[in-house]
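Beneath this line is the structure, given in structure tokens, with notes to follow.
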Amino acid sequence: MNRLPSSASALACSAHALNLIEKRTLNHEEMKALNREVIDYFKEHVNPGFLEYRKSVTAGGDYGAVEWQAGSLNTLVDTQGQEFIDCLGGFGIFNVGHRNPVVVSAVQNQLAKQPLHSQELLDPLRAMLAKTLAALTPGKLKYSFFCNSGTESVEAALKLAKAYQSPRGKFTFIATSGAFHGKSLGALSATAKSTFRRPFMPLLPGFRHVPFGNIDAMSMAFSEGKKTGDEIAAVILEPIQGEGGVILPPQGYLTEVRKLCDEFGALMILDEVQTGMGRTGKMFACEHENVQPDILCLAKALGGGVMPIGATIATEEVFSVLFDNPFLHTTTFGGNPLACAAALATINVLLEQNLPAQAEQKGDTLLDGFRQLAREYPNLVHEARGKGMLMAIEFVDNETGYRFASEMFRQRVLVAGTLNNAKTIRIEPPLTLTIELCEQVLKSARNALAAMQVSVEEV
């Protein structure tokens, strides 16, 4: 029997939610009731699969903590009042911390003036953010398209490359094995994981995947395309594969890919949605090799963990294909004043506090500690790797990785696996994480591994 719409039920539910939003604290009974509600609503109205995932990485087989508020720049508090050190960082959105006061203030000030743009008049913050990114990004990157997420940023990059290269008879893209570029149809065509791709086949034609970090395979793909008349329009790469398991290519790989693109007249698209905004110890990971892309994709941390925003930045030569008709690719909420205010404040904080350099220093401290633990527990840990504050601990199998995440949850540290590689646990904290908290994270990791070792020995 079909359920009839109920305005009264919707009104009551929305009023209840607004009441919760207004509250700063909850008593014990309110906390218990909220937990039950959230679990029930996820099961009945969001997706029950999320509950099973949360259950697999939390302590005691619970469905996990119900998030309530930020505790500090570097911590989260659940409805039970438990404070967790955030080493997941919302998959890389909290580079400047949770509720950074500079970012929050900028958004609040803009909210008091004009939350969204008229679509017809020129909006100043979009112009100022585009100018700021032109100054901040490497090489000849100059023009920006703004959107709301990483996958939208990649979609824009692919369409821009198509519009530029189609008149030149070039239609094929090279992506890499293990890549993750998003889950909308175009971005998914560049993404490599079969689990995400197979249900939506056939995807967009014209995408080849070659092994990541293998410059010979990349060179062969270019040469074969030239021989067969199926010439390469663009290469799309992550400088470090995030969801693939924090996979670093050999030093010089990006430089060699840039040379191939120049030799064969292809565009280089760098997806820095996860590696950008100071995460790896430079503002952009491509700066470790002084590589200058033709198109750069940003999102996640660009909004300071306060507003969603993505950006696709391109050279004037490439972006000029949109000059005659700027409506060829647009989005209603892209570049809205609130999101641009957040992005401008985020860039200001990153530069004023020199957070990329801090990421390099504190990342070295954490990575050294994780590598020491890998040496101490070789039967559990295969490898620790990373750059800056983008790190991963790879375990011997998926089950061991899940167990580590659960044990860290007991230690009040949030971590999780990567989307393409379940046995790899990412460590991606805010760049504002203090040295004291870095030491606490390492202590918690040691305690977690020790508990896991005891369980192994008891079997």
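Placed from the backbone N, Cα and C atoms, the Cβ positions cover glycine too.
Quick look at what Swiss-Prot lists:
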type    : residues                       : note
BINDING : Gly150, Thr151, Gln274, Thr332 : pyridoxal 5'-phosphate binding site
MOD_RES : Lys300                         : N6-(pyridoxal phosphate)lysine
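Feature annotations (Swiss-Prot) mapped to structure.
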{"residue": "Gly150", "record": "pyridoxal 5'-phosphate binding site", "Cβ within 10 Å": "29"}
{"residue": "Thr151", "record": "pyridoxal 5'-phosphate binding site", "Cβ within 10 Å": "23"}
{"residue": "Gln274", "record": "pyridoxal 5'-phosphate binding site", "Cβ within 10 Å": "28"}
{"residue": "Lys300", "record": "N6-(pyridoxal phosphate)lysine", "Cβ within 10 Å": "27"}
{"residue": "Thr332", "record": "pyridoxal 5'-phosphate binding site", "Cβ within 10 Å": "9"}
Distance from Lys300 (N6-(pyridoxal phosphate)lysine) back to Thr151 (pyridoxal 5'-phosphate binding site), taken between C-alpha atoms, in Å: 10
Within 10 angstroms of Lys300 (N6-(pyridoxal phosphate)lysine), Cα basis - binding-site residues out of Gly150, Gln274, Thr332: Gly150, Gln274
Lys300 (N6-(pyridoxal phosphate)lysine) - helix vs strand vs coil (DSSP): helix
